[in-house]
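Trainee: I have a structure here, written as structure tokens, and I will follow up with some questions on it.
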Amino acid sequence: MGIEVWGYQPCLWKMILVGVGAVCSGGLLLLLLYWLPEWGVKGTCTHTSLRDAQTLLLRTTDEFKQWFRAKVHVMLVPGKKPFDSMDLQSQLLNGDGDHSISAVHKEHHGKFAHVQPAQIHYFTHHSTKYFWNDVMQNFEFYKGLEDVKVSCASIHSDHSSGLSKTLQEYRMLFFGENEIAVRVPSLFKLLIKEVLNPFYIFQLFSVILWSAEDYYYYATAIVFMSVISIATSLYTIKKQYVMLHDMVAAHSVLRVSVCRGNKDIEQAMSTELVPGDVIIIPANGMIMPCDAVLIHGTCIVNESMLTGESVPVTKTNLPSSDEEAARSYDMEEHKRHTLFCGTQVIQTRFYAGELVKAVVVRTGFSTEKGQLVRSILYPKPTDFKLYRDAYLFLLCLVGVAGIGFIYTIVLSIMNKVPAKTIIIESLDIITITVPPALPAAMTAGIVYAQRRLKRVGIFCISPQRINMCGQLNLVCFDKTGTLTEDGLDMWAIQRAEDGSFSPPESDAAKESLVNSTFVVGMATCHSLTKIEGELSGDPLDLKMFSATGWILEEPTEEETALHNPIMPTVVRPPKHNVPEANQNNPLTQNMIGIVRQFPFSSALQRMSVVVRKLGEKHMDAYLKGAPEVVASLCKQHTVPQSFTETLETYTRQGFRVIALAHRQLESKLSWHKVQNLSRDLIETNMEFLGLIIMQNKIKEETAGVLRELRQANIRTLMVTGDNMLTAISVARNCGMVRAHERVIIADAVPPKDLNPASITWHYTENPIQIETFSVKGVYDKQVTLQEQSYHFAVSGRAFAVITEHFPQLVQKLVLRATVFARMAPDQKTQLVEVMQSIDYTVGMCGDGANDCGALKRAHSGISLSELEASVASPFTSSTSNISCVPNLIREGRAALITSFCVFKFMALYSIIQYLSVTLLYSILSNLGDFQFLFIDIAIILIIAFTMSLNPAWKELVWRRPPSSLISGPLLCSVLTQILTCLVFQVLAFLLVRQQSWYEMWTPQSDACNVSSSSFSHSLNVTTPHDHKNIRNYENTTLFYVSSFQYLAVAIVFSKGKPFRQPSYKNCKTHLVLLAQMLFCCSASTQIVCVPHDWRVTLVIIVIVNAAVSFMLEVCFRDITPYTLPGVNRPTECPSVANDCWGSSFLSWLFCQRNKPPKVRYMHLALELQDDADWPPKPYSVTCKTNKYSSPKCQTIPLT
């Protein structure tokens, strides 16, 4: 994402005009400029060049087009760029050296007094500094050492000695302190920001107006609800800031050893580090305070914060002498040599007399951890259609209020009403039409849903996201700890002897096998290490090694310090399998040293080791990897003929299968020669040993939950930091990819030398072989795919290449991609954004710090961990499995339907009251204060709160709730109800004036004097003089009719199945409605007595009104009149029978039966159905000039 920048300078005359306008408008103009920063800048400043600007107007280039205001600061420093040397600057900059550098940087003045300071303009946006570049004539930001395009060799030669103190202080002027500062705002600042919300301002205006009318009761109720809402919001926001601050600050400041050139080492605080510093990694490890590249020694690092995988990773020093050393350093490409901020160095290894050193590459918010925190602090706004439509609907109500406002003024002037009364009554129309209680009423359903979620162990820190859960149609799942248990379990081994398989054996540690070649391969072909006496490494390797019963021994600390290659890692069988007489003789213990490792490569899908048995003259090589790959590297007569059938049998049952091979090397090979051999020379002419069968245990709840989501038409996909084949295996085993569906791996490579970026599409020969499929593959057959029978699998590297070089292909790819492996934290967030860009409503479920950005960015993120991930996630589950996801979606759907119901009810309430008041204004009357109070509190608020009590429906249905208020069915529902209420109010208003007993009401002329009891007469004759003309027949009639209209629309809008429990189960609402009906029938608040016949007429009117409202609502209930092409609807109607009729009726009425879909992913699906070239053919290569790619464009990103 980039930022567009415009330069401005303050303008005195504009500022004076704004000040006058603010005074005249009572401060409303200032509020408007605060809500619209672009108006604020343009209203007080004049446009100028960026170079001369004092104020900047920023706009993001994404779909949200957010505006920001930034102030330009100036600092005086002895250079123009952070990586300029002080000597160079002394030559380039001439002039008087007595200038002060800057008030902000006075402490550095003495250091740089010999250099004329340069004036640098910069601004800060979202914790990132942007500096003016005279050459580019634009602002730029500095990431770190990568900005100077250093090669790996130059890092060793030019940056390995460290920075002088002077140069370190100079660079700190640009990069600032190395800290990820999460400042917790004060409660006062949070309060001001919260109360300046437009709706709270409108509530304040309403409360002031009602107080002027002595309408204190309702005003007090609104103030009370607003205070509760603001206090709750402040508590939640403050808590989130504190949690994030505590998480970041836990390991952000520590003492480090820094090289200062000439082999001087000093202790410094980690906040003083800048790119180019050289730090010493202690032997006992540390939490990395920055991103740094390793130049000496080896480190074992836990990167779970970034990848989510708890497997320790070995980091080696950056190459300095081979071909790779000439290449420019790239953090992603050289991540095996890079220590990332926030990761834990567990152990170091080094040569005698050497220290483990690393060159600082990035600091502060530029680090991997800093970018993760920035994504939490400054998330993109979540675009939810309900809230956008709600504001549009309110604007429509404002328009209606404007009509009533003008009508009231004109009518009052014509009737010579006093000016004060005109002002109050015309403004009162606005508060009636736009109900101030709307936020509180809509919040009620969310609060009840939040309580129900808490009862099932789901805790929410962002209640507004509950509604979004109701629209989820795609859920991304992390793998490890989310879908699966941690690691694999050993199931069996199956050895190959004389070209055929032996029966499976479950115990590899039994005495007859413990010294066999197969078990020796299992005990040696791995990358395990010991950390604090405990074995650590890949879970697959751990399970495999522990199944052998062998023991791993590593050199002592003294031997490790020597880093002596003659002291390898040694494995030996358990002592109980060695004769007692030979247990003290190393030559008879079958001790085997691991001489060299060729680490696992995801591209090659294999790893190998060279070992030597103590006392033997020759060495052996062992190979482990994907079965097809291993078999292709073996002598064919050693591979059993039933290899393919046996493999299919295991993979069909969901097992993860690994093959093992062996080769005896020539005896003339020495240790030094082995170290220089390429792996291709060793991994050839192997002898096939057999298969290792592993079980990747999926959590019990996983398959059932994914099946339930699929039946509910909710797409699921996996986003993991684990390797590709493991991810695909889990996806197939848990049902995310079904047995008959194929997986196409998109293997993309970036441009190199003269070769453009390209994508190779790899197919499996058979769907059931995907667990053991190699990326490079061995089959190349023409495959015919039917629609919906394939899935794409994409690695993090491929995703980055496709995003950068094939942008037009991204949306087509993710439309059918189900497995994303080796994804970095920022890539997970980027994937969520891509899915949102094609109109998916995205949920994210994960359990690690590496998921934080995606959890925050998704419409709904749910964390299965109460640690780092819960800081960013709106929802946290106390259960460690994904069964919480359907519960959350069900409650979200119920809350969303409740919000629709309450919004429609509150809209109808305001319009009904608006109609009543407008009709009464025509006779210079109005509703009385106690009538308003009865309607607003006794009816509206109580109903709004109780109609939200319906619990969620017990299961997920295929359909989703409507996503928009501005849609045909909902608009028809609201408009027909408004029309119905208008007709019956006008009917009652006109009919009462046609009655034979009607005349201008006075206590003496009460109609009950003629046709009613003396009790009713005595009820009214003592009434004092009514100077506001409240007590009259029209008022009484409209009050009765409108009161029952509120109850009628409350009933018809209270929807049940298929998203909420049926309304008849909501006993509280029914009791409230019954009590209100009885009260309405017997109310004597500011009403007059009417004859019995008219009372019967009123009852008939309200009954007919309710019947018409109910029948009209049945026509439009929960229906979507547009049938989406490409989507197969269930054979049975998912809702009530009337809904099916209503859907067909509206489709015919609006001629929309074949209207194309509005959502982008459905458009893409339709386009791809007609694209004969999609999906790409097996093993075809898509190059950058391909029709799916777009021309390369150069952009300068600002964020």
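Note: Cβ is positioned from N, Cα and C throughout, glycine not excepted.
Keep in mind that what you see is a predicted model, and the values were worked out from it rather than measured.
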Trainee: Among 797-816, 1037-1056, indicate the range for which TrEMBL gives the feature transmembrane segment.
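Mentor: Checking TrEMBL against the ranges 797-816, 1037-1056, the transmembrane segment one is 1037-1056.
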Trainee: What is the pLDDT of the domain 'Cation-transporting P-type ATPase N-terminal' (142-215) when averaged and given as a whole number?
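Mentor: Summing pLDDT over the domain 'Cation-transporting P-type ATPase N-terminal' (142-215) and dividing by its length gives 87.
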Trainee: Would you call the transmembrane segment (970-992) and the transmembrane segment (1094-1116) in contact, using three or more Cβ pairs under 8 Å, pairs 6 or more apart in sequence?
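Mentor: Answer yes, regions in contact.
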Trainee: Over the span of the domain 'Cation-transporting P-type ATPase N-terminal' (142-215), count residues by DSSP class, listing helix, strand and coil in order.
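Mentor: So the domain 'Cation-transporting P-type ATPase N-terminal' (142-215) is made up of 46 helix, 3 strand, 25 coil.
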Trainee: With CB pairs under 8 Å as the measure, which of the listed stretches 216-237, 390-409, 429-449, 1094-1116 comes out on top against the transmembrane segment (900-924)?
Mentor: 429-449
